[in-house]
Amino acid sequence: MNQQELFDKYQDTFAAQGQDLFFSPGRINVIGEHTDYNGGHVFPCAISLGTYGVYGVRDDDQVQLFSGNMEGDVVSFAITDEAPEEAEDRKWANYFKGMLVYLRQKGFKIDHGFNLYVYGNLPYGAGLSSSASIEMLMGQVLKDEFNLDIDQIDLVKLGQKTENDFVGLNSGIMDQFAVGMGKKDNAIFLDCNTLEYKYMPLELGDYEIVIMSTNKKHSLAASAYNDRVAECGEALKRLQTKLDINSLGEIDEDTFDEYSYLLNDETLLKRTRHAVFENQRTIQATKAMTDGDLEKLGRLINASHVSLHFDYEVSGTELDTLAEAAWQQPGVLGARMIGGGFAGSAIAIVKKDQAENLKQKVGEIYREKVGYDASFYDAEIVDGPHKL
């Protein structure tokens with residue numbers, strides 16, 4: 001949908017003219033999966049697929065939201081209404097409402113209503129952080145339209161708080177940080193323990209990143225995700241009987257080997273090994289980027305997928321098929337699942353002149369093995385949320 005079409009949709013929905021158009025990206029994570037809530041490092045970037053919002057001011061106290069992606073009516077509530085939406089066909093609005101509620105609770109002045117028409121081109125359920133994209137879109141709209149003096153990282157933290165406390169989903173800080181702090185042509189090397197970060201140019205030369213979506217319709221990700229968070233929490237508790245640590249991200253491989261006897265449980269051993277080794281792989285990957293060693297980066301990305309399959313057990317047939325099929329294709333440096341797991345997407349780093357071949361060959365293998373089509377997208381690395 002182009003900009004004019006978005007304004008037309010706003011007009012059709014609210015019988016008024018929209019004033020401003022905003023965009024908020026999705027994200028991919030090059031490496032560092034399931035490390036954010038374990039206090040480790042991640043290496044994500046914002047992508048050109050994302051969420052658009054057309055804003056228009058109202059002269060009453062009502063917020064009216066409409067999604068071009070959801071079936072249903074306009075969701076309307078007063079700016080002073082702090083209760084999460086309970087009805088199934090209104091729950092999507094909580095990602096927006098939570099940001100409004102928490103900004104007002106922090107004392108920011110949001111003193112009149114508004115309309116917001118929202119449309120996203122992120123494939124649904126692809127694990128490209130549509131929820132963080134929405135939260136940071138709302139944050140940016142409110143920041144700009146109401147002239148809120150809030151630091152971008154504080155806005156990112158409110159995005160995570162919305163996800164955790166208002167929507168009720170466990171998540172680390174990575175998704176909101178990657179979206180909210182995105183920078184064109186750069187990935188973000190982020191320490192999720194301290195929120196120290198640095199931008200690193202994603203210089204891939206003759207290579208590009210291709211996003212491969214499973215198009216899987218149903219996902220166990222939410223329940224399994226919460227299980228993994230709990231398992232890592234239990235592992236941390238056992239290690240803390242001898243180690244002065246606050247997160248698994250503080251441990252290196254040698255410390256893991258030395259103190260693994262404290263875990264004394266096969267599942268906890270595997271989960272902790274992934275958290276520790278994936279964190280170290282992420283640190284090594286950024287060094288490989290600095291050294292211009294793309295082949296090493298590719299090997300680390302492959303190792304990440306293997307660890308997510310065997311130790312963290314979150315990949316599943318669809319994601320394994322995509323990654324393993326990509327490994328067999330010419331010009332591919334590395335491929336792995338990204339996101340929570342079980343469904344969603346994988347990425348491949350592939351030579352630009354082999355990208356179409358990758359999409360065709362992996363697509364054929366996937367269709368034959370899984371029974372329906374995968375989708376492929378070229379990842380363009382873009383800035384965070386902004387007014388267009």
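Just so it is clear, glycine is given a Cβ too, placed from its N, Cα and C backbone atoms.
Look at Asp175 (active site, proton acceptor): DSSP puts it in a helix. The active site, proton acceptor feature in Swiss-Prot is assigned to Asp175.
What Swiss-Prot records for Glu33, His34, Thr35, Asp36, Tyr225 is substrate binding site, and it gives sequence analysis as the kind of evidence. Long-range Cβ neighbours of Thr35 (substrate binding site) (same chain, at least 6 residues apart, Cβ-Cβ under 8 Å): His41, Val42, Cys192, Gly249, Ala275, Glu278, Asn279, Thr282.
Within the same chain, residues at least six positions away from Ser131 (ATP binding site) with a Cβ under 8 Å of its Cβ are Tyr95, Glu163, Val167, Leu169, Asp175. What Swiss-Prot lists as ATP binding site is Ser67, Gly125, Ala126, Gly127, Leu128, Ser129, Ser130, Ser131, and the listing cites sequence analysis.
DSSP assigns Glu163 (Mg(2+) binding site) to a helical segment in the three-state reduction. Annotation comment: Swiss-Prot describes Ser131, Glu163 as Mg(2+) binding site, evidence class sequence analysis.
Residues or ranges marked as site 'Transition state stabilizer' in Swiss-Prot (evidence: sequence analysis): Arg27. Taking Cβ-Cβ distances under 8 Å and a sequence gap of 6 or more within the same chain, the neighbours of Arg27 (site 'Transition state stabilizer') are Pro44, Cys45, Ala46, Ile47, Leu128, Ser129, Ala132, Ser133, Asp175, Ala178, Val179, Gly182. The DSSP secondary structure for Arg27 (site 'Transition state stabilizer') is strand.
Comparing Ser67 (ATP binding site) with Asp36 (substrate binding site), their Cα atoms are 30 Å apart once rounded. Apart from Glu33, His34, Thr35, Asp36, Tyr225, the substrate site neighbourhood in this chain, defined by C-beta within 8 angstroms of the site C-beta centre, holds Gly32, Tyr37, Asn38, Val42, Gly172, Met174, Arg228, Glu278, Gly340. His34 (substrate binding site) sits 18 Å from Gly125 (ATP binding site), taking the Cα positions as reference. Its Cβ placed at the centre, Asp36 (substrate binding site) has 24 other Cβ atoms within 10 Å. For the binding-site residues Ser67, Ser129, Ser130, the greatest number of Cβ atoms within 10 Å around a candidate Cβ is found at Ser129. Counting every protein chain shown, the Cβ of Asp175 (active site, proton acceptor) has 29 other Cβ atoms within 10 Å.
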